[in-house]
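So that you can see what the record holds, here are the features copied from TrEMBL:
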DOMAIN    27-498  domain 'Major facilitator superfamily (MFS) profile'
TRANSMEM  90-112  transmembrane segment
TRANSMEM  118-142  transmembrane segment
TRANSMEM  187-207  transmembrane segment
TRANSMEM  213-234  transmembrane segment
TRANSMEM  315-335  transmembrane segment
TRANSMEM  347-367  transmembrane segment
TRANSMEM  379-398  transmembrane segment
TRANSMEM  404-429  transmembrane segment
TRANSMEM  441-463  transmembrane segment
TRANSMEM  475-491  transmembrane segment
Amino acid sequence: MAPVPPGIRFLASFNRDQWYKAFTFALTFLLYTSFHLSRKPISIVKSELHKNCSHVMRAPTESSSGQQPVLHPELDCSWKPFDRNNYKQLLGAMDYSFLCAYAIGMYLSGIIGERLPIRLYLTVGMLTSGLFTCLFGLGYVYDIHSLGFYVFVQVANGLVQTTGWPSVVTCIGNWFGKGRRGLIMGLWNSHTSVGNILGSLIAGYYVSSNWGLSFIVPGVIIAAMGVICFLFLIERNVRCSSNTGRVHSSQTLQQIDLIQEEWLIRSRAVTHQLHESFTHSCECCASVCPSVSRCYSVTQVYPAVCLQGVVEFSLCLLFAKLVSYTFLFWLPLYITKAAHLDAKKAGDLSTLFDVGGIVGGILAGVISDKMGKRATTCAVMLLLAAPTLYGFSMISQFGLGPTIGMLLVCGGLVNGPYALITTAVSADLGTHKSLKGNARALSTVTAIIDGTGSVGAAVGPLLAGLLSAQGWDQVFYMLMTADFLALLVIHKPHAHFKSSEAMQSEKQAEI
């Protein structure tokens with residue numbers, strides 16, 4: 001009998017639960033990759049909506065008459081209404097409309113996500129996001145030049161895209177425990193950068209010939225992934241029968257209904273206990289909301305706000321995400337203007353920032369696991385990011401080689417803290433012992449932290465559009481200031497917040 005190949009033995013060494021974990025990891029990775037893939041095209045298309053198309057044309061008799069070249073200004077070249085002199089403000093307003101809707105919707109999304117099945121909630125969000133992304137591209141197909149149309153599409157897309165993050169984080173948190181969470185989440189969170197890279201490449205491929213397809217193709221992709229989500233996403237670790245697709249149990253359907261009813265009663269009891277425990281946390285609430293006279297009024301709406309570190313990390317993410325999303329929406333246009341490249345080459349070059357972001361997110365997770373201190377890791381990377389941003393603004397003027405190197409370094413230092421806070425830190429706080437095992441609270445904690453960060457994501461591109469009219473140096477000064485502010489607000493949890501692994505090791509040492 002022939003020996004079993006080593007590869008087959010390796011695959012057979014994993015049990016069914018491990019295969020389900022790997023499948024959920026890969027599926028949620030691809031699902032959120034498609035979200036970011038559909039957000040990226042607007043930054044690539046900006047340089048096409050307003051072209052630097054002043055060019056010199058000579059009259060037919062120019063060669064014989066020796067007339068001077070006739071300068072034709074940017075007329076009938078840029079896409080109306082972005083052909084005006086205030087095009088940067090108009091483009092910034094589009095970014096702001098999307099991100100402001102995203103920030104507002106994120107707070108609501110966490111609450112709604114707790115009460116609906118994750119699979120259905122995420123599926124509807126992805127299908128509608130694909131619809132609105134395609135609608136933006138159809139503006140090119142049907143020759144639409146109304147600013148109100150594009151702003152409406154951006155607002156609607158921003159609202160429906162809030163279904164993504166709380167859902168996938170809750171799902172991945174349900175499947176993976178606290179062991180090596182920084183590494184696992186660091187690897188998993190690279191979907192953000194992978195989506196940005198793919199979105200840049202797809203949008204860049206069509207931008208010069210038909211920029212409408214730069215939106216339509218990503219819109220179709222995210223809608224298709226929504227169908228895959230509906231068919232295959234497993235929300236939490238349950239035993240499934242491969243033959244019937246039903247819950248693997250000897251219970252009858254009536255007994256299963258009784259179990260579900262009992263689970264619902266218990267979950268309500270846990271919620272009641274949470275409410276009771278947090279109404280006694282007045283000291284915490286007083287420090288978070290000094291203007292609020294009664295702790296009850298705060299904890300009744302958001303008990304998770306009183307968790308130690310939630311407010312500090314939320315504010316830190318606000319400034320960190322401000323920097324990250326400014327690069328997301330404005331880096332290709334900056335490269336076009338600074339390096340004098342066309343839209344496709346600038347889009348391709350901007351992907352290096354996301355390549356650095358992948359490495360930075362993984363390193364941040366690994367280092368925080370080893371040290372057991374999430375806040376310290378964030379603080380060090382933020383401290384290094386500010387001078388690096390200044391260096392990038394200077395070096396980007398000295399050629400392609402130095403620009404490539406600085407893009408990689410900036411991407412790692414800017415996206416490292418952002419990735420760590422939105423994944424491992426959110427999961428640590430969402431599974432805090434004071435929540436008494438309420439797994440669905442993870443969705444609310446994630447929504448609070450990412451929703452606050454999204455406020456910064458909305459403000460950053462808007463400020464970039466306003467400040468860039470005075471020179472790109474002003475934009476980089478704004479980004480460096482945001483990094484220093486993020487460092488200041490993270491200083492408080494730096495002293496007391498520890499990762500779940502560090503707390504477990506301390507308990508074992510005491511025993």
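Here the Cβ of each residue, glycine as well, is placed from N, Cα and C on the backbone.
Count of Cβ pairs under 8 Å against the transmembrane segment (347-367): among 187-207, 213-234, 475-491, the largest is for 187-207. Between the transmembrane segment (213-234) and the transmembrane segment (404-429) there are fewer than 3 Cβ pairs closer than 8 Å, counting only pairs 6 or more residues apart in sequence, which means the two stretches are not in contact. Against the transmembrane segment (475-491), the recorded stretches 90-112, 118-142, 315-335, 379-398, 404-429 differ in Cβ pairs under 8 Å, and the greatest number is found for 315-335.
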